[in-house]
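Engineer: Please find one structure pasted underneath; my questions will follow.
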């Protein structure tokens, strides 16, 4: 970013007036510099604002219901900041003034909130003050429903902080005292501080260094979050009156530090201590979190009376041995989710795991998480108690170092929908290996990898092309050590519908026999492997296969001289989605793909340019895909796209992606060969202009993306004939303007026009500004992301931040023209007159010059700005006080019409000028220079510089302008003062000690300042300075 030049104040005034007038007329976006979003939300995030913006009176401020000011630099909130937003309900002020520990540069910051800031908004329901350096709870309106004070500097909550907040239901105050926001103490919640909040249902006090449960909490609470404090004992009285509690989180209070991902305090020996009756009275409890609590065993009494418990989190404890023999699960018949992850023994990986029989009593269990327990073998005895659970749908076993797995055991689970065995060491049905897969958190629902996910242009109908696995039986074996696949692995898994095998090392040639048992398989992910596609009957054993991901299997395609057979595609009758992306396919593949069912093909990341360069060999490569709707040809190194290439694409195409190629030219008229095309993506290419013709008439194109090219010119009327175009992306190009003639009547139907990140030329009166204002409902990010590229001082700024100094003023232009014409005439006349009558002019000039000094001198005397320039040492407070309260008052205020004009540094010096410029102007613009001295033995700084300038004036103008005022007799001992008193007594004045002599002093000082010093010199010694006549 270049240096910023501050505009002239007058320019800012004119600019502000012009913007205010424009806003009053309703032309500019109503909430500049912020952005108005649907449902009355105003977004002011990341604008580096230093104060709350004051929106124009012409803006529909009454319609604003939500204001977001996240990540600005607002350090002071005033009483009047939100008064004009009469219907504001949601206010977000996160990350404006973060505490030192949370600041990126660790700078301390404290936010100031005036008393009536929020009281002035009686409709406010949700307020977020998180990540701000506030030390106390501000005054809040009674309408507040949700309040967030997390990651602030509030360390004390007292009874008066929430007075009158009877409607408050949600209170968040997390992270006010922890390792990232240190405070060296515990947050203090006074007993009964929250008791007055009769409707409070959700209270979160995580990461606050608490050592006990706050006393006398509101009985209305149904959610209490106290995790990651230091509460190591729990007794019934801690939760005595919380009978309505539904969710309780007390995890992380006595941590297991060998698995901690952040600074951790070791749990004391024999802790935590939980009283047997701690939870017995919480009959409505549905969720209990005891994770990361250093538990070695579970007491049956802890769960007595918890008949409604549905979610139990016991992860990150030491319960490995206990889960093989516990009996506590027999009575938890309503439990739906159980988390036992990372209950491993330190530095131990067990050969087998056998769950306790009591797991069979979890008849309502739907999800069981057991990743990170570290056992090497998964057999039919491992999960036997779970096989009869009628509702179990999800089972997570990832990251367990399993190298032997009998996958057939999952066929015995009647309702199982998802099994996650990713990040293990499975290499086959019964052959262990020693390698360890990468650690991954796992996923609950299978999703396509990022490389396969359809982009924005495919989002409309993506559901038609990519079947979802959310409600189907899914097995995830990704990130294991599989090298080959045998059909024995999938015995009894005929119900399986989704299989994920990505990120393995499968390098075998699939021949149609590997997946024989999986007769119902619909989705197969084999990405990031090394598959050899040599056989023509690959995957033909899967008659119901709808989606096949073969992306990132590039190694076989990079082998020189090895052929690849893609004819299997024609033999998959149900295949709808196929990905061959990022395989580097360039030669020795089937000459043509054929399929009557395929609707979406991802062929990105290959080398189609090399294939089409081989004459007509691969010209019809895609033509056999008769019902193809979506085709992705991104990153195929295409430099040209000839009409015959488009002509041999399927006529059924609706979406075509050509992103990130090297296309510098596109024949727009050739779009007629794709009559069904609705979306075309040409982003990230090298197009310089949209100039060769226009979009053809009759095209069904609805979306066109040409962003991230180098387009600097568009032919007028280019988009006119595409009357169905709804979305147009021209962002990140080289456009200097946006011309309404490009679109014609299309502007009436265009829903999205993205022109952000273009170097627009913000000249005054630019036509594109008016056009974009007319289209502002269709232009995303108009007020923030549509910026200027020129002139230089506006680069990167909003198009509405124009500097009006750049505007063309016709009157000023005529004046400048007249002045330049006069200068030209003078430039011609002066040499001519010098040539014709130079001697006469020279004589007249010098004759006039002889009279100028006296007149100039007299004129200068009359036009001096000040009678005296007062110089004194500001560091001496007594002297400064005398000058301001005695000298100034006597000479300027009490002399009536004879008042003198004094020049004082603090008052009369011009800001912006250098010290020497102000000093020189003060000495030469004053009749006298008066030095007010308290001592004369050490004179330096401003006094010395002023004295030297006065002496310089004596030498240049032969004027003695020095007047000395001595406040103490001790200063009278100076040799210079004594000499000057003998030569020019009236210019040296002593402040009298007796009040009776002060009247005479002021009279003598007035005479010394109004008369020339020449009249004061002692004629016995000298005549004083004289001026040449």
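Note that Cβ sites are derived from N, Cα and C of the backbone, with glycine treated the same way.
Straight from Swiss-Prot, here's the annotation block:
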| type | residues | note |
| --- | --- | --- |
| CARBOHYD | 63 | N-linked glycosylation site |
| REPEAT | 86-109 | repeat 'LRR 2' |
| CARBOHYD | 128 | N-linked glycosylation site |
| REPEAT | 166-189 | repeat 'LRR 5' |
| REPEAT | 197-220 | repeat 'LRR 6' |
| CARBOHYD | 209 | N-linked glycosylation site |
| CARBOHYD | 241 | N-linked glycosylation site |
| CARBOHYD | 331 | N-linked glycosylation site |
| CARBOHYD | 339 | N-linked glycosylation site |
| CARBOHYD | 380 | N-linked glycosylation site |
| REPEAT | 469-492 | repeat 'LRR 15' |
| CARBOHYD | 511 | N-linked glycosylation site |
| REPEAT | 518-541 | repeat 'LRR 17' |
| CARBOHYD | 565 | N-linked glycosylation site |
| REPEAT | 572-596 | repeat 'LRR 19' |
| REPEAT | 625-648 | repeat 'LRR 21' |
| CARBOHYD | 667 | N-linked glycosylation site |
| CARBOHYD | 692 | N-linked glycosylation site |
| REPEAT | 699-721 | repeat 'LRR 24' |
| CARBOHYD | 729 | N-linked glycosylation site |
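I'd like to know what surrounds each of these features in this structure.
Structural biologist: Counting every protein chain shown, 14 other Cβ atoms lie within 10 Å of the Cβ of residue 63 (N-linked glycosylation site).
In terms of DSSP helix, strand and coil, the repeat 'LRR 2' (86-109) has 0 helix, 4 strand, 20 coil.
DSSP assigns residue 128 (N-linked glycosylation site) to a strand in the three-state reduction.
Listed as Cβ neighbours of the repeat 'LRR 5' (166-189) (distance under 8 Å, sequence separation of 6 or more from its ends, same chain) are residues 99, 101-102, 125, 130, 142-157, 196-211, 214, 225, 228, 230, 262-263.
Across the range of the repeat 'LRR 6' (197-220), the DSSP-based residue counts are 0 helix, 3 strand, 21 coil.
Around the Cβ of residue 209 (N-linked glycosylation site), the same chain contributes 177, 178, 183, 185, 186, 187, 229, 230, each under 8 angstroms and 6 or more positions distant in sequence.
Under the DSSP three-state reduction, residue 241 (N-linked glycosylation site) is assigned to coil, being neither helix nor strand.
Its Cβ taken as reference, residue 331 (N-linked glycosylation site) is surrounded by 17 other Cβ atoms within 10 Å in the chains shown.
All protein chains included, residue 339 (N-linked glycosylation site) registers 21 other Cβ atoms within 10 Å of its own Cβ.
Residue 380 (N-linked glycosylation site): 11 other CB atoms within 10 A of its CB, across all protein chains.
Nonlocal intrachain contacts for the repeat 'LRR 15' (469-492), taken as residues 6+ away from its ends with a CB within less than 8 angstroms of a stretch CB, comprise 398, 403, 407-408, 410-412, 416-429, 433, 435, 437-438, 440, 442-443, 445-446, 498-508, 510, 513-518, 522-523, 525.
Note on residue 511 (N-linked glycosylation site): other Cβ atoms within 10 Å of its Cβ, all shown chains, come to 16.
Helix, strand and coil content of the repeat 'LRR 17' (518-541), in residues and according to DSSP, is 0 helix, 4 strand, 20 coil.
Neighbour list (residue 565 (N-linked glycosylation site), Cβ cut-off 8 Å, at least 6 residues apart, same chain): 533, 534, 535, 536, 538, 589, 590.
Same-chain residues lying 6 or more positions outside the repeat 'LRR 19' (572-596) and placing a CB less than 8 Å from one of its CB atoms are 451-452, 464-467, 522, 527, 539-540, 542-554, 557-558, 561-566, 602-607, 610-611, 614, 617-618, 620-628, 632, 635.
Tertiary neighbourhood of the repeat 'LRR 21' (625-648): same-chain residues 454-455, 458, 461, 464-465, 581-582, 593-610, 612, 619, 654-667, 670-671, 673-674, 681, 684, selected by CB-CB distance under 8 Å and a gap of 6+ residues from either end.
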Engineer: Which secondary structure state does DSSP assign to residue 729 (N-linked glycosylation site), in the simple three-class scheme?
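Structural biologist: Going by the DSSP assignment, residue 729 (N-linked glycosylation site) falls within a strand, counted as strand.
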Engineer: How many Å separate the Cα atoms of residue 511 (N-linked glycosylation site) and residue 339 (N-linked glycosylation site)?
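Structural biologist: Between the Cα atoms of residue 511 (N-linked glycosylation site) and residue 339 (N-linked glycosylation site), the distance comes to 40 Å.
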Engineer: Measure the Cβ-based neighbour count of residue 667 (N-linked glycosylation site), defined as the other Cβ atoms within 10 Å of its Cβ.
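Structural biologist: By my count, 13.
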Engineer: Counting distance between Cα atoms, which of the glycosylation sites 63, 128, 331, 667 is nearest residue 729 (N-linked glycosylation site)?
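Structural biologist: The answer is 667.
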Engineer: Same chain only, please: residues at least 6 beyond the ends of the repeat 'LRR 24' (699-721) with a C-beta under 8 Å from a C-beta of the stretch. Say none if there are none.
Structural biologist: 456-457, 671-672, 675-691, 693, 727-736, 739, 741-746, 754
Engineer: How many whole Å apart are the CA atoms of residue 128 (N-linked glycosylation site) and residue 380 (N-linked glycosylation site)?
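Structural biologist: Answer for this pair: 52 Å between alpha carbons.
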Engineer: Should anything in the same chain at least six residues away from the repeat 'LRR 2' (86-109) have a Cβ under 8 Å from its Cβ atoms, list it; otherwise answer none.
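Structural biologist: Distal contacts: 40-41, 61-75, 77, 118, 121, 123-134, 151-153, 180-182.
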Engineer: Across the repeat 'LRR 5' (166-189), what are the DSSP residue counts per state (helix, strand, coil)?
Structural biologist: 0 helix, 7 strand, 17 coil
Engineer: Spatially, and counting Cα to Cα, which of the glycosylation sites is closest to residue 63 (N-linked glycosylation site)? Options: 331, 380, 692.
Structural biologist: 692
Engineer: Tell me which residues of the chain lie with their Cβ under 8 angstroms from that of residue 692 (N-linked glycosylation site), as long as they are six or more apart in sequence?
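Structural biologist: Expected: 665, 666, 667, 668.
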Engineer: Give the residue counts of the repeat 'LRR 15' (469-492) per reduced DSSP state, in the order helix, strand, coil.
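Structural biologist: Taking each residue of the repeat 'LRR 15' (469-492) in turn, the totals are 4 helix, 3 strand, 17 coil.
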